[in-house]
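**Q** Handing you this structure, nothing more for now.
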Amino acid sequence: MQKLIILLLVAAVLMSTQAVLQEKRPKEKIKFLSKRKTDAEKQQKRLCPDYTDPCSHAHECCSWNCYNGHCTG
């Protein structure tokens, strides 16, 4: 009888730990499956100024224009 009680307690502990681990998995999957920026996107973010930053040529503003010394959208 005592062995049966111990076996049931061990089974209950294992099931509860499995349930706790499964609760954490969806968050990890969401984080893993979320869109990550490519190296090119990270590089462009570093190279491209804000659209209000000063400039002297349009190529300094990436996809914006340089007008009156500032990047314009």
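The backbone N, Cα and C atoms fix where each Cβ goes, glycine too.
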**Q** Per Swiss-Prot, which of CYS55, CYS62 is disulfide-bonded to CYS66?
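**A** Disulfide mapping in Swiss-Prot sends CYS66 to CYS55.
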**Q** Where does Swiss-Prot put 4-hydroxyproline, among PRO26, PRO49?
**A** PRO49
**Q** What does Swiss-Prot give as the disulfide partner of CYS71, choosing from CYS61, CYS62?
**A** CYS61
**Q** Near CYS55 (disulfide bond), which of the disulfide-bonded residues CYS61, CYS62, CYS71 can be found within 10 Å, Cα to Cα?
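**A** Correct set: CYS61, CYS71.
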**Q** Using DSSP with the three-state reduction, classify CYS62 (disulfide bond) as helix, strand or coil.
**A** coil
**Q** Where among the disulfide-bonded residues CYS61, CYS62, CYS66, CYS71 do you find the Cβ with the fewest other Cβ atoms within 10 Å?
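**A** CYS62, out of the disulfide-bonded residues CYS61, CYS62, CYS66, CYS71, has the fewest neighbouring Cβ atoms within 10 Å.
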**Q** Identify, in sequence order, the residues in the chain of PRO54 (4-hydroxyproline) that are 6 or more apart from it along the sequence and have a CB within less than 8 Å of its CB; answer 'none' if there are none.
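**A** In sequence order, GLY69, HIS70, CYS71 meet the Cβ cut-off.
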